[in-house]
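Novice: Residues or ranges marked as domain 'NADH:quinone oxidoreductase/Mrp antiporter transmembrane' by TrEMBL: 131-413. The transmembrane segment annotation in TrEMBL covers 6-24, 36-56, 113-130, 136-155, 167-191, 211-230, 242-262, 274-293, 305-323, 335-353, 416-437, 464-481 (among others).
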Amino acid sequence: MSNFPWLTTIVLLPVFAGCVIPFFPNKGNNLIRWYTLGVCLLEFLLITYVFCYYFKFDDPIIQLKEDYNWIDFLDFHWRLGIDGLSIGLILLTGFITTLATLAAWPVTRNPRLFYFLMLAMYSGQVGLFASQDILLFFFMWELELIPVYLLLCIWGGKRRLYATTKFILYTAGGSIFILMGALTMGFYGSNQLTLDFQNLSNKSYPLELEIILYLGFFIAYAVKLPIFPLHTWLPDTHGEAHYSTCMLLAGILLKMGGYGLIRINMELLPHAHSIFAPWIVAVGAIQIVYAALISFSQRNLKRRIAYSSISHMGFVLIGIGSMTDVGLNGAILQMVSHGLIGAALFFLAGITYDRTRTLFLDQMGGTAIYMPKIFTMFSSFSMASLALPGMSGFVAEFLVFLGIVVSNKYSFNFKILVTIIEAIGIILTPIYLLSMLRQMFYGYKFSKFTTFSNSNMDAGPREIFILVCLIFPIIGIGLYPNSVLSLWNSKVSFILSKFIV
């Protein structure tokens, strides 16, 4: 095992590399773009190298641990480590951020700040998934808000200030609960503050306190995931953000909520999780159908995809609440799968807007004639989103389905009811996605295109490259899901072993 601080390097490289950007010449837009893309690519290759050579997949304990004393009187340490749960999400972060940087190529307004924020976000997200200290986890969670706030505020659409205010109020308001919960857990039972995840997992709390802590953390994750009814910031944020920011939001930011729910609520507060699991399953089932119905009524393309994201996150909740090996594997796979599919759909929505200058579905129609490549890709990713067999979404949703059916925790009637609601959600998904494709691409309605030459309209090589990079893992996971399930399988078994009484 190498003694080199690999994780610290991986976490700090993007933000330190980003600090060089302000010294670039004013007119060096192209230089800034290539530099940022190079940093993202280097970081992704470094993550892949470290995981290939230093990570043992069949070991559920924390690996590559690093522990540096940071603030003495608080016992606040820079504690990093990874296990099966974080590895998939760190790889996803590297992959999506690199593609989002390439997707942001057309951004010309204040590019130095834009690309610096992209790199700062990269560090924050990797840092969150690698944190092994609950206060460091909170620190990274908060750090994440600043780049998103600025990216939305400066490069957003017409209603960006409204969306930004709503985003910061919701997410910062939810974060307070993480800080309060972290300090309560750290101080409980001793005068010495304990913030290390491993030490906290060995603590036991009175059931009443555990329930209060659980609910506090749950509110913070309910905002981030997002969970009905704390989801309303997401469609506004997605509707106004630049599509490269949307890729990061849909691809990685929402997964932080699911990760926190498993890492803290399931691992550290197992008794409370056993009590709340049925409620989580119920909320997940309602969310699938509710968000699908709302999505169907959206005229704005990005808002329709945003509500589709909320609907798909319902499956993550059901998988987490099922408390079975299969269900929890399905929930983590759904997070990775949706990260890829959501990023692709928002990128497609963005490049379609660049060409049509509208996001309203009833103002489109007949665009397939002018944009056959975008039409093909949009159709392919929509099929992935509606869980077509052979694609990652199908495997994830099937595992969640199976997880709730084989669970011994629930009565037969409860399982039947949840399965029926899930099935309704799975029927509604093709309805809103296929109607979206019909409104956009079929018919002869759209007349603005007559001013363009056909050659300028369709996707260029850069855009096709991004979409091809995203479709490969989606089909790869769909055809051979074990390629990623093996990353976190032993960790899932380890988490669930806490629930066997």
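Residue 1 is the first one shown; counting continues down the chain.
Backbone N, Cα and C atoms are what each Cβ position is placed from, and that goes for glycine too.
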Novice: Same chain only, please: residues at least 6 beyond the ends of the transmembrane segment (274-293) with a C-beta under 8 Å from a C-beta of the stretch. Say none if there are none.
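Specialist: Those are 211, 214, 218, 227-228, 231, 307-308, 310-318, 320-323, 404, 409-410, 414, 417-418, 421-422, 424-425, 428-429, 431-432, 499, in sequence order.
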Novice: For the transmembrane segment (136-155), name the stretch out of 36-56, 211-230, 242-262, 305-323, 464-481 with the most CB-CB pairs under 8 Å.
Specialist: 242-262
Novice: What stretch of 6-24, 167-191, 335-353 shows the most Cβ pairs under 8 Å to the transmembrane segment (36-56)?
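Specialist: Result: 6-24.
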Novice: Near the transmembrane segment (305-323), which residues from the same chain, at least 6 beyond its ends, have a CB less than 8 A from one of its CBs?
Specialist: 225-228, 231, 234-235, 237-239, 250, 254, 258, 261-262, 266, 273-274, 276-281, 283-292, 294-295, 298, 329-332, 334-335, 338, 342, 345-346, 349, 385, 393, 396-397, 399-400, 403-404, 407, 409, 418, 422, 425, 428-429, 432-433, 496, 499
Novice: Which range out of 113-130, 167-191, 242-262, 335-353, 416-437 gives the transmembrane segment (211-230) the most CB pairs under 8 Å?
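Specialist: Selected stretch: 167-191, with the most Cβ pairs under 8 Å.
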Novice: Short question: which residues 6 or more past the ends of the transmembrane segment (113-130) have a Cβ under 8 Å from it?
Specialist: 7, 10-15, 17-19, 21-22, 32-33, 35-36, 39-40, 43, 47, 80-82, 86, 89-90, 93-94, 97, 100-101, 104, 107, 136-137, 140-141, 143-144, 146-148, 150-151, 154-155, 244, 248, 252-253, 256, 259
